[in-house]
Each structure stands twice: as C-alpha cells, then as structure tokens.
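The annotation active site, proton acceptor is assigned in Swiss-Prot to Asp235. Per Swiss-Prot, the feature pyridoxal binding site maps to Ser12, Thr47. Sequence annotations record features per position, and here Swiss-Prot assigns pyridoxal 5'-phosphate binding site to Thr47, Gly234, Asp235. As annotated by Swiss-Prot, Na(+) binding site applies to Asp113, Thr148, Thr186, with the evidence given as experimental evidence. Marked as ATP binding site by Swiss-Prot: Asp113, Asn150, Gln151, Phe152, Glu153, Thr186, Ser187, Val226, Asp227, Ala228, Thr233. The Mg(2+) binding site annotation in Swiss-Prot covers Asp118, and the record cites experimental evidence as its basis. Under the heading N-acetylmethionine, Swiss-Prot lists Met1. According to Swiss-Prot, the phosphoserine annotation covers Ser59, Ser164, Ser213, Ser285, on the basis of a large-scale study or a structure entry.
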Amino acid sequence: MEEECRVLSIQSHVIRGYVGNRAATFPLQVLGFEIDAVNSVQFSNHTGYAHWKGQVLNSDELQELYEGLRLNNMNKYDYVLTGYTRDKSFLAMVVDIVQELKQQNPRLVYVCDPVLGDKWDGEGSMYVPEDLLPVYKEKVVPLADIITPNQFEAELLSGRKIHSQEEALRVMDMLHSMGPDTVVITSSDLPSPQGSNYLIVLGSQRRRNPAGSVVMERIRMDIRKVDAVFVGTGDLFAAMLLAWTHKHPNNLKVACEKTVSTLHHVLQRTIQCAKAQAGEGVRPSPMQLELRMVQSKRDIEDPEIVVQATVL
C-alpha cells in the first residue's frame, strides 16, 4: 500500500473557475495526494472578470482554523503549499504555522509560490502591497524548500536584475543561499535561439550525495508562448512541481518536464475549447479561458513529455 502523503494548501478559492486551491487540489488528488485546503479568500470568481464578490480570511481566522487541527492532533503534514497573499499579518501567520509544522515533522517540504508581481511589455510591477517583500525575503523564503518565482519575483527577492542566463543562474544561487534547495524561475523573457515566441524556464536544485558533498542540477526549458491570458497557471505549476519532485526527488529535469508538459496539455485543451466557444475571429472571454482541468485528468495523471529540458 502506498504511503499517505498529506498536503496543507493555503490559497485562494473561487466558486467558478480554477485558481489557487481550485487549481491545485484536483490535480494533486488525481496524483494520489491528500489535500487539506485552507481558503485564504472565497470569491465568486477570479479578479480578471468585470465583477467579483466574496470574503477574505484574516490572520486570526487562519490561526483559529489551525488551532482546531492542532487540538485534534491533525497537524502532521508532509507538504505545505502556499500562493497569493495580500496581507502582511496573514503572511506572518503562515510563517508561524509552517515553523510549527516543521517542528512536528522535520522532513516537511514547504513549496512556496512567492506571488509579488510580473512583467508586462518588459516593465515589472508589483500587484501585492510592497510591505510584503521584506516578509518574503526575511521570513518566508528562508523557510521554504521549493520556490517558484517568475523572473520579476526572482529579481525582487534577490535585489538583482536578470539580463542573461548567467545572471539568472547567479540569482538562483543567491536564492539558494537564502534557504530553498529547489528554485524554479517559471517564466522569463531571456532570448531563445528558437525565436521571440518563446519564454524560458530555468531550474536549479541543490542536493547532497551519499558522500555528503553538494551536487547542483541546473536545467533550462524553452517553451512556446500561447496567445491568450490564462489565470491559475502559476498555481497549477507550483502544485505539479510539488507532485513531480516528490515522485522524482533526485531528478529536477524529469520533474520539470512533467510539470511543464502537464501545463502544455491543459492550456492546449483550454485554448481549443475557448476558441470553439468564442467563434471565428472573436477573442475568448475570461470565462471561456478558465482552465479545462477535469477534462485534462488523463494528462495530469500521466503527462506525455512534449517539452524537453536541457541540462546546463
């Protein structure tokens, strides 16, 4: 019998669509993980629509929920997964919870998507309050084992700009020195020999071999861009990286290939369905571009590798 692997996922929840916990829970369950989800917000839909309604969980409410788990001795976890957070006190409470869970299980792996902002047309901007950045740098990242920043977030966390692959590798080394053993820059605008229609994923993993010396594995993936705005892809990426690094703990190349290939299959299915719904020459709406997660169940379970990683 396969050993149970339990994940505490603290992320947003939407009634309709797939972001945050909704983008992470189903795929992880399909891959055999037990998911305990704390919904940091409960919204009708993601905020890319014209309207949304809902409630936001505050740090006291998060503490109360965790206290219920603790009192029942249900705070033994193998993984913690966190994503988008807007509130400084909520983030500080997440740090307290992860620290306590690591005391309960020193082998717990904390997977953090440090959602801070992104680049549009080469210009970066933050979409969370700026006072969250020092909390991420000083408390969250040092506690994390796996982080999945985009290029702009990696630049913010390291205080360094990235203009080349060499600079990206140096930034990843800086992020390793802050704590995490695995750093994956999930998208960057570095040049690709395949043309301007590609974005670059870079990964770096620090491991100890049986002799005790440190081994580094670095990978690069050139991924063709899709001409559409999807929401929830970063949440799905972090969840799939959790799953595939668990299943391939000493092979970042395979873990990233399976993660990126899963996203490829989900996005291709989504864009095909969205275009069919929108009709010829009409740009699909946010509702039509919601990730086709359930329809992609087989691809999530056993993704055909369609994007190869290069070992650097």
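Placed from the backbone N, Cα and C atoms, the Cβ positions cover glycine too.
Everything Swiss-Prot records as a feature, shown here on the structure.
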residue : record                 : Cβ contacts under 8 Å, 6 or more apart
Ser12   : pyridoxal binding site : Val19, Gly20, Asn21, Asn39, Ser40, Val41, Phe43, Gly83, Tyr84
Asp113  : Na(+) binding site     : Thr82, Gly83, Tyr84, Ile147, Thr148, Pro149, Gly234, Asp235, Phe237, Ala238
Glu153  : ATP binding site       : Pro114, Val115, Leu116, Gly117, Asp118
Ser164  : phosphoserine          : Leu190
Ser187  : ATP binding site       : Asn150, Gln151, Leu199, Ile200, Val201
Ser213  : phosphoserine          : none
Asp227  : ATP binding site       : none
Thr233  : ATP binding site       : Ala23, Leu263, Leu267, Leu291
Ser285  : phosphoserine          : Ala278
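In the three-state DSSP reading, Asp227 (ATP binding site) counts as coil.
Each of the recorded positions Thr47, Ser59, Thr148, Thr186 was assessed for Cβ neighbours inside 10 Å, and the highest tally belongs to Thr148.
The two recorded residues, Ser59 (phosphoserine) and Thr186 (Na(+) binding site), show a Cα separation of 29 Å.
In the three-state DSSP classification, the residue listed as 'Mg(2+) binding site' falls within a strand. In the three-state DSSP scheme, Asp235 (active site, proton acceptor) is classed as helix.
For the recorded positions listed here (Asp118, Gln151, Gly234, Asp235), the lowest count of other CB atoms within 10 A around the CB belongs to Asp118. Here the binding residues for pyridoxal 5'-phosphate are Thr47, Gly234, Asp235. Their largest Cα to Cα distance works out to 15 Å. Apart from the site residues Thr47, Gly234, Asp235, the chain places the Cβ of Ser12, Val19, Gly20, Ala23, His46, Gly83, Tyr84, Val115, Val231, Gly232, Thr233 no farther than 8 Å from the centroid of the site's Cβ atoms, the recorded pyridoxal 5'-phosphate location. Between the C-alpha atoms of Thr186 (Na(+) binding site) and Thr47 (pyridoxal binding site), the distance comes to 22 Å.
Glu153 (ATP binding site) carries a helical DSSP state (H, G or I).
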